[in-house]
Structures are given as C-alpha cells and as structure tokens.
Amino acid sequence: MAQSLSFLLALSLLALVPLCFCDKTLGGYLYPQFYDHSCPRATEIVKSVVAKAVAREARMAASLLRLHFHDCFVQGCDASILLDSSKNIITEKRSVPNQNSARGFEVIDEIKSALEKECPNRVSCADILALAARDSTVLSGGPNWEVPLGRRDSKGASLSGSNNNIPAPNNTFQTVLTKFKRQKLNIVDLVALSGSHTIGNARCTSFRQRLYNQSGNGLADFTLDQSYAAQLRTRCPRSGGDQTLFFLDFVSPTKFDNSYFKNLLASKGLLNSDEILITKSQVTKQLVQQYAENSELFFEQFAKSMVKMGNISPLTGSRGEIRKRCRKINSINQNA
C-alpha cells in the first residue's frame, strides 16, 4: 500500500509540473494572448454564442466539451472532426464514437460565422473548439482556465483514427490507458478528464451489455448497483431503444461538480469505462476517492489536464490553414 501511495503521489506531482506549450521541432507554440491584436474580441464572441446555446439547451455544454475531446484524440487538436465528407475527405462524423452521437456542430458554425464578420480569416476552428470546451465547463459550474491559442486547422480527416484512437465505453482499462498514453496523457489525466462525465448523456446502446450480459452469462454486471441496474432496465430494454438518453451523472446531470466520482464509489457509474476506474486499478481508485472528497482538487487537475489535452499535436506556424468554414477546407487558391 505504501508503494502504491508513493507512486500515486509521484504521478500527482508530475501532473502539476508547469506545462510548456512549445512545439520545439517546428518552432510553433500556443499562448492565451494569441488573438489580442488580430482579433481582440475573439474569446468574448465565443463565450457569448456558447452561453446562448447552453441557455437554450443545458446538454449542449457536454456536447461541446466532448467535441474538443474527440477532435484532439485524432490527429491532434486540429478541428478534423468538423469536416464534412467531400471528394478527398471521409468525415470523422461517420466513425463509431461519433455517429448519431457527436453534436454541437451548428453552434460551432454560429461562432465561426460571428468571428468571420468580426475579423475574417483570423480565428481557427480548432481554437474555437478549445475555447467552447472551456466556456461550456465554466457555464456548467466547473473550473476556469486560460486557453493557450494559436492552433491552425487540418486539411484532412481520419475516419480510421477516430475509430481506433477515441476511448470506447466498453474498452478494457488497459486499452483506455494505452489510448491516453498514446496522446502523452497519463493516468492522472485519465481520471481527471473522465470527470467530464459529471455532465451530459449516454445512449442505451453504450451500456446495455452491463444490464443484461456483461460477462457472457446473461447476467447484469455484478459491479453495478443492482437497484440502479433495475432502474436503468426500465428504459433500456434488451433490444430496441438504442438512442434513448441517460444522464451520465444522475445526481446533478447539468452541474459540473464531483458527483460523478461519488457515484462511482457507490457503484453507480453508468459506463463500463467509468466503472473500471474503481475496479481495475488501485491508483485510479485512490484518485477517484480523492476527487470525491475534494472538489477543488478535481477542478484544479481537470483544468490542467484540459490544457495538456488541448496541446496534443497542434498545427502551428505555416502548417494547416484557417478555414473560412469549419465544415470544409479552403479552396486551393484561397489564402490561409
């Protein structure tokens, strides 16, 4: 136990090391003041549109946060998730993690339109996703943080990358951890970022196997509180109702807090990828316990991990482009 606690402490200290937003190989870097001169009202405009969208539908906060996550885990934070299919592009929107699930694209379109009117060809769609994720978190009651900016947009997408790199609800613990490590995110980041499930919804199809056939024996997952499982079965039948939505955090579904971690300790985490944080690793279980007891600690680490995630392989300098419309790349003769 002492060794485990020492390892956990070392990881926590590692996660608190100040982040460098440098891309040393190509000379590019991200910093919060990137648009101070080229588009001074950029962050204000993003926040205003996001606030209106979340006021219309509280669920949108989680959707916008998720878009940033699903973007960064594929080719880095380059807005590839926003591209529609075209002659040379197969959209990531068709991937298993995104189809009938990823949403909020119209809100991003609205933000981009407002920014193009204010300062044409200046603010990238990738930066819009990063800012919208932060604003959605704050509007839901979560932590605030400075968003390093200066990302540029990709000129392509990766359907295979979206299918293979984004953690899935039914992945094993080792698979999820491997997918995080592939993005240079550690086990502390994994638990902290999983805390985003304090808001939002999941579809019946994402956790049905836990209710009916978790181990191939036709029985519910024994690690799931059985009264909670019975309640879930009333709206998530053995077949049908795939798209029926359930709160990821049934206690405070639209408030960004630490209830998600408290639910896990009560065996009431909805997804298998939630449950494994307390059943498959002593390190992650201890982090869950810490965040359940101390919301400030969770908020602090969530903000750090979001900045770290937002710095996954950004396109900077002359790489990529600033898309005029987030859903399609610029024409060949259009300046970026």
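Please read every residue number as a count from 1 along the shown chain.
Each residue, glycine too, has its Cβ placed from N, Cα and C.
Just so you know, TrEMBL annotations are computer predictions that nobody has curated.
These numbers come from a predicted model, not from an experiment.
Which of Cys125, Cys204, Cys236 pairs with Cys326 is settled by TrEMBL: its disulfide partner is Cys125. When TrEMBL is consulted, the disulfide partner of Cys119, picked from Cys39, Cys72, Cys204, turns out to be Cys39. Checking the candidates Cys77, Cys236 against TrEMBL, the cysteine paired with Cys204 through a disulfide bond is Cys236.
Take the candidates Cys22, Cys77; TrEMBL pairs Cys72 in a disulfide bond with Cys77.
Comparing Asp249 (Ca(2+) 2 binding site) with His70 (active site, proton acceptor), their Cα atoms are 20 Å apart once rounded. Apart from Thr198, Asp249, Asp257, the Ca(2+) 2 site neighbourhood in this chain, defined by C-beta within 8 angstroms of the site C-beta centre, holds Gly195, His197, Ile199, Val251, Ser252, Pro253, Lys255, Phe256, Asn258, Ser259, Tyr260.
Thr198 (Ca(2+) 2 binding site) sits 17 Å from His70 (active site, proton acceptor), taking the CA atoms of both as reference points. When pLDDT values are averaged over the domain 'Plant heme peroxidase family profile' (29-330), the model yields 97.
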